[in-house]
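Working notes, beginning with the structure itself.
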2 protein chains.
Amino acid sequence: MIRIGILGYGNLGRGVECALQKSSDMNLVAVFTRRDPASLKLLTAGVPVVGIQNVLDWKDKIDVMILCGGSATDLPMQTPEFAKHFNVIDSFDTHAKIPSHFAAVDSAAKAGNKVAIISVGWDPGLFSLSRVYADSILPNGETYTFWGKGVSQGHSDAVRRIRGVKNAKQYTIPIESALEAVRSGKAPKLSTREKHLREVFVVLEAGANAAEVEREIKTMPNYFADYDTVVHFIDEDEFVKNHSGMAHGGFVIRSGKTGLQDEFSNVIEYSLKLDSNPAFTASVLVAYVRAAVKFEQASSFGCKTVLDVPPAYLSCKSDADLRKELL
Amino acid sequence: MIRIGILGYGNLGRGVECALQKSSDMNLVAVFTRRDPASLKLLTAGVPVVGIQNVLDWKDKIDVMILCGGSATDLPMQTPEFAKHFNVIDSFDTHAKIPSHFAAVDSAAKAGNKVAIISVGWDPGLFSLSRVYADSILPNGETYTFWGKGVSQGHSDAVRRIRGVKNAKQYTIPIESALEAVRSGKAPKLSTREKHLREVFVVLEAGANAAEVEREIKTMPNYFADYDTVVHFIDEDEFVKNHSGMAHGGFVIRSGKTGLQDEFSNVIEYSLKLDSNPAFTASVLVAYVRAAVKFEQASSFGCKTVLDVPPAYLSCKSDADLRKELL
């Protein structure tokens, strides 16, 4: 049994806890938190909650630590720090900062003879895999990534910061006609506006000016100005009833040509439809635990990403069984 | 530049030759054949065609040999034989015989300190990857593989063996309502008949009995009896005009549950739409050449499958560039 620690007990940490219950080869050993341990109520009976200051006492009791903090401030500090002492998995998802995060984690993990797998999830993660496979196999082509329909936390936050907004949720929606054009193999040039639509549900503060809020949303640079945005004003009840979910998903599509004169079209499409973004991301993190253990057994220390992991490393089946049953 | 040899110059060998022209890091060095070398006319100028009996003269001039023979009789003999002397890639696709093929190739390649990657293509191949990733990430779920719309060579051959049939082509067609049921996350139990339809286009010999041929097709055990089959009789002109293509494709879909009470549905879908089956399969073979070279550089000899290959090994980009651009 692989002994697992969870650091951070928000939506993702709870998702990992649930995913571990589906994994017959892993055991949750402890949950670590910066909060008062007594304030956490776990879903799993009998698992201790430990203050983060005592984490080094658990060095020999945990095979892999799953880091469930956020990419903005938690992981850039935590992953290099913990990779000195534990094999770790994180879901660092700030694409532009992956090279520097990788470098920091790699030197920490190598110093400690540990394995770290970073940026695990679905984008970065499974979508990255799809991009690399498709790009390598069809060098003469174009790759498109579409996100949604799903909630963008960053865009929802941006709307909530507008004066007069009490609550808000923003959905990113891929535009069906763009998807169809890409799937047809035409390799269209698509502007930002042509790929995704933004839909916002807003609960206003009493007395707020709806027209002014709508104008502020639609003209917000970076977040909305380059998109067509639909704004709906709803009341708190409807907000809670219909907009509390965390569904997400998306598409990676590559179209490319083969044949001597590029006479053959090919379309490779990978898609996800997820009722709960954090629960699914957690399931990906848990599968990569097995890879961390296999790298450690091979004394292959340092930082890795999903691009470095042989697919067989994710499975609890033996290589021979995989060849027989799934190849 | 990676120096490539091709063994076997049918549809797949020609597809590899075309794919190499899109790969800036590889050079086609020679094509090997059992036929009279003078009888082969390559698409690429200046590349020698060599009789297979002289292949060992090329041992130090070729980095990876791509074996383009058939799975029925060629590859079971050729891959173990060639893996003693060359790094090899094959597209062995008889699923049931993969374990014994693997064992034979593995001991040959290890004896020669060579790398062999077998069963490369899209099924087995890219579809196998999708099955293993999805199975590992959503342990609580069901995986479905659909093929088509595309030509089944085996079924076309079976129809051509019926008395009175001059020519025939069989298309395997996934049934749209089954695809939709799977995508909905309902995890339906589907019989063979409910997953795929078979459509056959037949050119009759003069004087043949159409009704009798149709009855023989539809009741043929293993090939057609378990399916709904539609038979069309057409003339030779229409056959040549409309049924000479080699398009194929298919879908791997896994639906699975996450959450403490399995309250969240998730659907992972991977699909291919290919104008030419052999041209695409060839492109996959060529991408795995880079993996063979990287395994050799790491002195990791023996037989591998796509499940053993880190995705980054397929790319001509550096690991750092992949992390920056595609992760």
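For all residues, glycine too, the Cβ spot is worked out from N, Cα and C.
The number of other Cβ atoms within 10 Å of the Cβ belonging to B:Phe92 (NADP(+) binding site), over all protein chains shown, comes to 25. Summarising the annotation, TrEMBL assigns NADP(+) binding site to B:9-12, B:33-35, B:68-71, B:91-93, B:120-124.
The domain 'Meso-diaminopimelate D-dehydrogenase C-terminal' feature in TrEMBL is assigned to B:121-276.
The number of other CB atoms found within 10 A of the CB of B:Asn277 (substrate binding site), across every protein chain shown, is 23. Under the heading substrate binding site, TrEMBL lists B:Trp147, B:Thr172, B:Arg198, B:His248, B:Asn277.
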I'm trying to understand the geometry here, so how far is the Cα atom of B:Arg198 (substrate binding site) from the Cα atom of B:Phe92 (NADP(+) binding site), in Å to the nearest whole number? 24
Check each of the binding-site residues B:Tyr9, B:Phe92, B:Gly121, B:Pro124, B:Arg198 and report back the ones whose Cβ is under 8 Å from some Cβ of chain A. B:Pro124
Max CA-CA distance, Å, over listed substrate-binding residues B:Trp147, B:Thr172, B:Arg198, B:His248, B:Asn277: 18
Whole-number Å distance between the CA of B:Thr172 (substrate binding site) and the CA of B:Pro124 (NADP(+) binding site)? 17
If we check Cα distances from B:His248 (substrate binding site), which of the binding-site residues B:Tyr9, B:Leu12, B:Arg35, B:Gly70 wins as closest? B:Leu12
Fewest-neighbour residue among binding-site residues, criterion Cβ within 10 Å, set B:Tyr9, B:Trp147: B:Trp147
Whole-number Å value for how far B:Asn277 (substrate binding site) lies from B:Pro124 (NADP(+) binding site) (Cα to Cα): 13
Neighbourhood of B:Gly121 (NADP(+) binding site), C-beta criterion under 8 angstroms, separation at least six: B:Ser91, B:Asp93, B:Thr281, B:Val284, B:Leu285
In this structure, which of the binding-site residues B:Gly70, B:Pro124 has the fewest other Cβ atoms within 10 Å of its Cβ? B:Gly70
